[in-house]
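Undergrad: Have a look at the structure that comes next, please.
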């Protein structure tokens, strides 16, 4: 799957961007933390669209500055409305609470548990530990680390291959672009691509360019 981040600040703009993005990608990621304002009704509307609902905490590189209680309740609302995916951080103490809630109400939402390092790509043993912890909590493990070298890129591709079909792995930055291009072939369930110059992380490839490259290599 190709996932296109939606990073608008207005709810109606985000809905329109998502509809346009789905002409090129398979799914969108709604970055709820970047919106000026959001309520339960908005989450219900977002959940109708094939998407990942992400409300990234400020302490994990996001922009959510309101209470964590409100953040968790909004994510529960996404689960209640059977959003395709939600994303919750590995470091979030209430991640298991969301999984328990999903199971109790019989929601079809898949839970992505994520980890970010915006400075470096840790050693492979540390990344394995992260992925194992994430898979004990949710359905899909995700990590995004900053790649500084070919060695970092190879580490990330190695992990994709090892956990094929249950991982999303990303190398941020110029050196990590190869992870975005080859990710699907190495076992990542999706790769992120930007549209119209709107990227949510460094190194995202434009969706049209990515599709051209994927067509050439496949």
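The chain as shown is numbered from 1 upward.
Backbone N, Cα and C atoms are what each Cβ position is placed from, and that goes for glycine too.
Feature list, courtesy of Swiss-Prot:
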{"type": "ACT_SITE", "residues": "116", "note": "active site, proton donor/acceptor"}
{"type": "ACT_SITE", "residues": "142", "note": "active site, schiff-base intermediate with substrate"}
{"type": "BINDING", "residues": "29, 30, 31, 56, 180, 200, 204", "note": "3-dehydroquinate binding site"}
Undergrad: Under a three-state reading of DSSP, tell me whether residue 180 (3-dehydroquinate binding site) is helix, strand or coil.
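TA: Assignment for residue 180 (3-dehydroquinate binding site) reads helix.
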Undergrad: For residue 31 (3-dehydroquinate binding site), what is the tally of other C-beta atoms lying within 10 angstroms of its C-beta?
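TA: By my count, 23.
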Undergrad: Which of 56, 116, 142, 180 (the recorded positions) has the most other Cβ atoms within 10 Å?
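TA: The largest 10 Å Cβ neighbour count belongs to 142.
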Undergrad: Which three-state DSSP class does residue 29 (3-dehydroquinate binding site) fall into?
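TA: Once the DSSP labels are grouped into three classes, residue 29 (3-dehydroquinate binding site) ends up as strand.
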Undergrad: Roughly how many Å separate the Cα of residue 204 (3-dehydroquinate binding site) from that of residue 142 (active site, schiff-base intermediate with substrate), to the nearest whole number?
TA: 16
Undergrad: Considering only the recorded positions 29, 116, 180, which fall within 10 Å of the residue listed as 'active site, schiff-base intermediate with substrate' when distances are taken between Cα atoms?
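TA: Checking each Cα against the residue listed as 'active site, schiff-base intermediate with substrate', the hits are 116.
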Undergrad: Of 30, 31, 56, 180, which binding-site residues come within 10 Å of residue 116 (active site, proton donor/acceptor), going by C-alpha to C-alpha distance?
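TA: Those close enough: none at all.
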Undergrad: How many other Cβ atoms are found within 10 Å of the Cβ atom of residue 29 (3-dehydroquinate binding site), counting all protein chains shown?
TA: 24
